[in-house]
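Enquirer: Can you read through this structure? Questions will come right after.
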Amino acid sequence: MKTLPLLLLLLLDLGQAQGTLDRVPLRRQPSLRKKLRAQGQLSEFWKAHKVDMVQYTETCTMEQSANEPLINYLDMEYFGTISIGSPPQNFTVIFDTVSSNLWVPSVYCTSPACQMHPQFRPSQSNTYSEVGTPFSIAYGTGSLTGIIGADQVSVQGLTVVGQQFGESVKEPGQTFVNAEFDGILGLGYPSLAAGGVTPVFDNMMAQNLVSLPMFSVYMSSNPEGGSGSELTFGGYDSSHFSGSLNWVPVTKQGYWQIALDEIQVGGSPMFCPEGCQAIVDTGTSLITGPSDKIIQLQAAIGATPMDGEYAVECENLNIMPDVTFVINGVPYTLSATAYTLPDFVDGMQFCGSGFQGLDIQPPAGPLWILGDVFIRQFYSVFDRGSNRVGLAPAVP
């Protein structure tokens, strides 16, 4: 007698999860690293930023959103469009789960990066209101600074009113100059927000714009435009994954932080024998970990230094070991084709390693970061209502 009500509840839950969904298309474009490599300027980029990606790893405290590792954005390939103001002013952004602020270039910004991207013009918006609070986010080459304003923000038909956002007036370094994106929309917890700003997704929930307090990410592995890649607000789409979601509790609210049981290479445990912490991050393209562990991992997969970065012999992909992250008792296995980044340089195939050293200091770290290399293989659901992350094998 209890079977029917239970079935109805399951169907209701499934309907909510897949019913009223607001989809934001994500387009895939060549990363800044690929563009610099193709232009023969990558080594000059490392020198200009005083970074040796083989011998040095960027150190980050990550105690708040006001400190971001700049290298995270070098390999970003997935971007979406938002609009701010009325009439709308469009911007290309990274949807980033490891930060919580929204910022775009201001018309008052004189940095070279701002001149290369659309700039927000408050005088041209009928719904803009000045807040005037200064904000600052520290990056590897300096601080991005600006002021906070408020306006309506639209994301694929979802319009948040009174959203506070950063108008950058200074953007550091060359990374933002050549980037495909104009700004960043953070999807982390409110505790990460610089200036005490309420994040966009929190306002979506508060203004009843989403049917469920969750969003999900599907990143297509198709290198040509990433057709089908999308960020979904209000639930998840089961057509993008196989099997069922493995729900993993968030261990610390701020980042989307979860526990790793262990990390295996070639089927044998290699790291985190007693467990460790990781964050699922749409704003980091690679998989990062403590530099001493990553050096061991690069050696285990056969990656060697080449022009300031780690690469493998492309013809060895079929004999390279799998790398498995065991999460909540479930193995998530990446084959060599999944954790390497193919490219062509001067007509020759190049296979870069998808792993990068990044030392995150206590009390936030050490942390592993499961970026796009991981998310491409595993559909990811971020559930604020139950403070958990859902993972399942992505459908190619």
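Heads up, the Cβ atoms here are built off N, Cα and C, so glycines get one too.
Take a look at what Swiss-Prot says about it:
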- ASP96: active site (ACT_SITE)
- ASP281: active site (ACT_SITE)
- CYS109-CYS114: disulfide bond (DISULFID)
- CYS272-CYS276: disulfide bond (DISULFID)
- CYS314-CYS351: disulfide bond (DISULFID)
- 78-392: domain 'Peptidase A1' (DOMAIN)
- ASN90: N-linked glycosylation site (CARBOHYD)
- 1-19: signal peptide (SIGNAL)
Enquirer: In whole Å, how far does the CA atom of ASN90 (N-linked glycosylation site) lie from that of CYS114 (disulfide bond)?
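Expert: Given the Cα positions, ASN90 (N-linked glycosylation site) is 15 Å from CYS114 (disulfide bond).
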Enquirer: Taking only the recorded positions ASP96, CYS109, CYS114, CYS314, CYS351, which one has a CA atom nearest to the CA atom of CYS276 (disulfide bond)?
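Expert: Nearest listed residue in space: ASP96.
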Enquirer: CYS351 (disulfide bond): which of the disulfide-bonded residues CYS109, CYS114, CYS272 is the nearest Cα neighbour?
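Expert: For CYS351 (disulfide bond), the spatially nearest of the disulfide-bonded residues is CYS272.
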Enquirer: So of all those recorded positions, ASP96, CYS109, CYS272, CYS314, which one's Cα sits nearest to ASP281 (active site)?
Expert: ASP96
Enquirer: Nearest to CYS272 (disulfide bond) by Cα distance: which of the recorded positions ASP96, CYS109, CYS114, CYS314 is it?
Expert: ASP96
Enquirer: For CYS272 (disulfide bond), just count the other CB atoms lying within 10 A of its CB, please.
Expert: 20
Enquirer: Just to confirm my parser: what is the rounded mean pLDDT across the domain 'Peptidase A1' (78-392)?
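Expert: Overall, the domain 'Peptidase A1' (78-392) comes to a mean pLDDT of 92.
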Enquirer: Do you know offhand how many angstrom separate CYS114 (disulfide bond) and ASP96 (active site) by C-alpha?
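Expert: Distance between the two Cα atoms comes out at 20 Å.
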Enquirer: Could you state the whole-number distance in Å separating the C-alpha atoms of ASP96 (active site) and CYS314 (disulfide bond)?
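Expert: ASP96 (active site) and CYS314 (disulfide bond) have their Cα atoms 30 Å apart.
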Enquirer: Do me a favour and check the Cα-Cα span between CYS109 (disulfide bond) and CYS314 (disulfide bond); whole Å is fine.
Expert: 43
Enquirer: Other than its own, how many Cβ atoms are within 10 Å of the Cβ belonging to ASP96 (active site)?
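Expert: Excluding its own Cβ, ASP96 (active site) sees 24 Cβ atoms within 10 Å.
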Enquirer: So among the disulfide-bonded residues CYS114, CYS276, who's got the most Cβ atoms within 10 Å?
Expert: CYS114
